[in-house]
Amino acid sequence: PTRRDFYWLRSFIAGGIAGCCAKTTTAPLDRVKILLQAHNHHYKHLGVFSTLCAVPKKEGYLGLYKGNGAMMIRIFPYGAIQFMAFDQYKKVVIKKHLGISGHVHRLMAGSMAGITAVICTYPLDMVRVRLAFQVKGEHRYMGIIHAFKMIYTKEGGFRGFYRGLMPTVVGMAPYAGFSFFTFGTLKSIGLAQAPNLLGRPSLDNPDVLVLKTHVNLLCGGIAGAIAQTISYPLDVTRRRMQLGAVLPDSEKCLTMVQTLRYVYQQHGIRRGLYRGLSLNYLRCIPSQAVAFTTYELMKQFLHLN
């Protein structure tokens, strides 16, 4: 087989590994974020750092990684589909010459890749959120398979797995779009303006310039911060809708607009729509930095350049 063969498979593996490394880096913050966003009654009076300290006391250190198994099962295909789809969509968009600049290509391809990855892996996200929201001693779900069965039988079959899909897709499009857009733009500007300072030849193809690792981390981090700020209120909305039946005020949060309005009226902008944003920067900036950097390294490793 030639080097072109299995290209999509290698691209799939690179994206999957990038996703898993990124998420494991920030798994404890993920768990805390879900507990706080949805006001879990064991921790609702606490802030981010006090919750980070309280979880190990109440549930042991592995409590910080609760739901991470389900997360890895979801994030490998998610990262894989997203990065692979981005490369494919970018080729399609460029081929079609939709009369737009290269930067807009990235925005469109990134958004489409994000949406594709979300739809393919959404039921796994649903199950992970339910598992991460549980607190020791009050378990409704015994594990991943049990949660799947319960949601399927109790919450209307397959539709039950797609609660909150709308805000997820609406939030994911700008998030993935701006993420890939910012990273790609910073990378191309950096390599064009200061190739010797910021770049080095790729390990698998000396003709291709890639960013040095620390520059890569920085660009990924900036991409994460910008994308996060734009799409955060939709993330809060999605969590509330996903937790649905588990929360006391679920009948007020049936559609995306209802949920946004309800959170805004109840808690306002800073304490409602942007609750937990500082935590999300702590999560997203290292997570995106690790994701893009790992992907760029895996690309060299698997000869994708």
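Count begins at 1; order follows the chain as displayed.
Glycine is treated like the rest: Cβ placed from N, Cα and C.
Computed from a predicted structure; not experimentally measured.
Per TrEMBL, repeat 'Solcar' is recorded for 6-92 (among others).
Broken down by DSSP into helix, strand and coil, the repeat 'Solcar' (101-189) contains 74 helix, 0 strand, 15 coil. Taken from TrEMBL, the feature repeat 'Solcar' covers 101-189 (among others).
Taken from TrEMBL, the feature repeat 'Solcar' applies to 211-301 (among others). DSSP labels the residues of the repeat 'Solcar' (211-301) in these numbers: 79 helix, 1 strand, 11 coil.
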Can you give the mean pLDDT for the repeat 'Solcar' (101-189), rounded to a whole number?
88
Grouping DSSP H, G, I as helix and E, B as strand, the residues of the repeat 'Solcar' (6-92) number 73 helix, 0 strand, 14 coil
